[in-house]
Ligand SMILES: Cc1cc2nc3c(=O)[nH]c(=O)nc-3n(C[C@H](O)[C@H](O)[C@H](O)COP(=O)(O)OP(=O)(O)OC[C@H]3O[C@@H](n4cnc5c(N)ncnc54)[C@H](O)[C@@H]3O)c2cc1C
Ligand code: FES
């Protein structure tokens, strides 16, 4: 018999609980969720990377709309529950929806604390809790004016770093004498302050806010010493309060949080509570690891297993600001019964401190170098007696037992139950056994199966080391991770950082992202060149020396070192004049082979490099431009004859093909891009195996994408049906731009689509008109700089050196 | 042994991190200029399938062949990494930017 389960709040805790529940007791409950936030379950932890630009909102969604549909879960977005009627067992939302329950789960999370000072409701004062807050900050940051962040804890500093990265002039006000005083000791707090100040963030400690001043909107902050700090944006990040109002009104036992037992049950037998709003054994929590433990327990109880009980454990804290390494765990206050071991390296900005009690670690602070965090955590958890290794303990695991080991050995030496992913409580043994049992080979698989590295991501390095350790040679991190041997960063990271750090030249990327080689290699340079062309179309100057020869000389190199030349024939249509011009060129340059290509144009093969400019000059006179048959860019738009001639044709497919090609030619893409337009579902232009295809039908245009007919063969997927030619154009262009911005260099559209999911692409291109328009506009902007015919440029002298030998020597001498 | 140095042009004729080729009776010579302004000359003929090395991407003191991505050291002419093979290096003199290659090595190459 199915029971009715109602959940109030759709945050990370109930999301995880549902995952467990669907696994343990599928079909047991009919689930309804009410969420005051008008959206699905996303990774709140990752709001800071969204603020800094290192991630998009789309990338931090945990459960997309499809997930709820698949599991038959009803989600009321934007519905706040305003009353619980425990006698009738119903809840009612602010939009008037009433739903009855057999079991109710309260997961209302927390609300940010607003300090009670005058002016705290002025426009321009915001908190930092959800996506709306991030969007408000991003909007405010466009002004590049002054921002004040009140609160120098984890949240406040992540907000400050994000806003500073977005170009705002940021001041952090903190009441205590040092930053992050709850997680760091003063020494580490000092190093952190210095680092942030070095990034241009002003920090005022021991600052007591007296009032927020301004008429009609925020103009500044007044401190109790009379100082006024001007600001147009004030972010309050001074702490959170469990959100318990609703439970209290319903008469449930409430203390700081909603009181629950070790099985997450409240004082009412039909009601559970979990997440930040719940208080268990007198404790409330504000980090996800213990909340996920609550989720596990709650799911067990809902599935009928009452043996599970919540166990407290300390969670390490990390600050998610790129480039700052910081780790804090446990208790590190001074005390008579405590000893400490400290290591400092001023020049490297490293500080490490272990707090010991009776020869056991009870607290750890690491700053600047945190790779031993997992090991110290493990020693602490197991209360290992460290007397024997006391002398070398602080140097970390690699130094134990003789000579320093390589970093891989440190991971190899970790015991199976050592925790690798703090967010999801995943230990080494679990990761290793899942990799072996399930035959996993990529990081994404490991994330999907174990959840390790799937939340804040700070353990990704460790997880990858485990993969290398387990899979040995067969795990080729290059296939999933680093771009090439010059860096440890993967393509996605590099792309994100190029944007986030506004890197606009290849040397800037290599310097800022710490390339290991002086000027890259033949793998990373073309990729970087593309990413920069794509991201900064107006500012970046294409680096020809970083392009493969075909794109450098705008022709295709053949195996004998000669080149082939393919002029554009828009939509595959030509005429007598063009054909005559081609025939003349073939005669004049004695071109050995003329061939019709699969993309409906003509290929001239066997041309000497020195002849290329002259060939182009002649073709140019007849009106030809480069067909870019060599480019990681728009190649062909193949068409059938369509409604003008064909008795089956439903639309003017030739005309549309020509329009598309004229609109999109010249654009660079991650890999080659081939299109086709068929005038009816008989599909003579073979549009259903193209990167992007259009099938015309009576009612409009069916847009397809992600086909392949090369090494892989794959039919296209349907993006959607649109009514007019204009809409077809907008959708195709937007899709192309999304692909340009997101794919890895050399990744064809079908591989990219597989990686990020068809649903996601449909959601952005079909479902979200604003997004679509924004992609479209960015494409149009970049075309301003891209639509220059490379052949005519070279005919008029550009890159002359490419086509002539530097010198011709030796003939006279040899003849003598 | 005396060498005959033949002028081939100046360093400015070659793009940074780029190459030009010089035609000789024994085949083409590829002349490279690295990011650090060092200049090297090697046969323009990859030991793998004969690809024109002068058309490859230049990085550090190496070039990646445009045909199948072999990486060739500009200093030694040897294939780097897992591949085996070598091209002839050609003596090159850089007099304040004026470049010369030595002829008799070319003559020898013809033998
Ligand atoms: C910027 C930021 C960075 C963070 N970084 C980290 C980190 O690095 N590591 C870490 O472990 N943790 C971090 N956290 C904390 C972590 O995100 C939270 O602990 C976790 O998301 C709380 O989950 P929850 O499900 O309890 O509540 P929430 O995720 O807050 O979800 C509660 C939801 O319930 C809804 N709701 C509230 N009342 C009602 C109602 N009456 N009716 C219907 N819906 C309601 C709310 O709108 C909200 O969507 C961070 C938090 C923030 C804001
Ligand atoms: S520690 Fe945060 S995702 Fe693993």
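Even glycines carry a Cβ here, placed using N, Cα and C.
For A:4-284, the entry in TrEMBL reads domain 'FAD/NAD(P)-binding'. The domain 'NADH-rubredoxin oxidoreductase C-terminal' feature in TrEMBL is assigned to A:317-379. TrEMBL lists A:420-467, A:483-532 with the feature domain 'BFD-like [2Fe-2S]-binding'. The annotation domain 'Nitrite/Sulfite reductase ferredoxin-like' is assigned in TrEMBL to A:558-621. Feature annotation from TrEMBL assigns domain 'Nitrite/sulphite reductase 4Fe-4S' to A:631-767. Per TrEMBL, [4Fe-4S] cluster binding site is recorded for A:640, A:646, A:680, A:684. According to TrEMBL, the siroheme binding site annotation covers A:684.
Where TrEMBL records a feature, it is marked here on the structure.
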{"residue": "A:640", "record": "[4Fe-4S] cluster binding site", "DSSP class": "coil"}
{"residue": "A:646", "record": "[4Fe-4S] cluster binding site", "DSSP class": "coil"}
{"residue": "A:680", "record": "[4Fe-4S] cluster binding site", "DSSP class": "coil"}
Are the domain 'BFD-like [2Fe-2S]-binding' (A:420-467) and the domain 'Nitrite/Sulfite reductase ferredoxin-like' (A:558-621) close, by which I mean at least 3 Cβ pairs under 8 Å that are 6+ residues apart in sequence?
no
Ranked first among A:317-379, A:483-532, A:558-621, A:631-767 for CB pairs under 8 angstroms with the domain 'FAD/NAD(P)-binding' (A:4-284):
A:317-379
Of A:640, A:684 (the binding-site residues), the residue whose Cβ has the fewest other Cβ atoms within 10 Å:
A:684
Could you break down the residues of the domain 'NADH-rubredoxin oxidoreductase C-terminal' (A:317-379) into DSSP helix, strand and coil, giving a count for each?
7 helix, 29 strand, 27 coil
Between the domain 'BFD-like [2Fe-2S]-binding' (A:483-532) and the stretches A:317-379, A:558-621, A:631-767, work out which stretch tops the count of Cβ pairs under 8 Å.
A:631-767
Intrachain C-beta neighbours of residue A:680 ([4Fe-4S] cluster binding site), sequence separation six or more, cut-off 8 angstroms:
A:646, A:648, A:649, A:650, A:695, A:696, A:697
Residue counts (helix, strand, coil, in that order) that DSSP gives for the domain 'BFD-like [2Fe-2S]-binding' (A:483-532):
26 helix, 1 strand, 23 coil
Protein Cβ atoms within 10 Å of residue A:646 ([4Fe-4S] cluster binding site), excluding its own:
16
Residue distribution over DSSP helix, strand and coil in the domain 'Nitrite/sulphite reductase 4Fe-4S' (A:631-767):
54 helix, 36 strand, 47 coil
So what pLDDT does the domain 'BFD-like [2Fe-2S]-binding' (A:420-467) average out to?
84
Helix, strand and coil totals (DSSP H, G, I; E, B; other) for the domain 'Nitrite/Sulfite reductase ferredoxin-like' (A:558-621):
29 helix, 14 strand, 21 coil
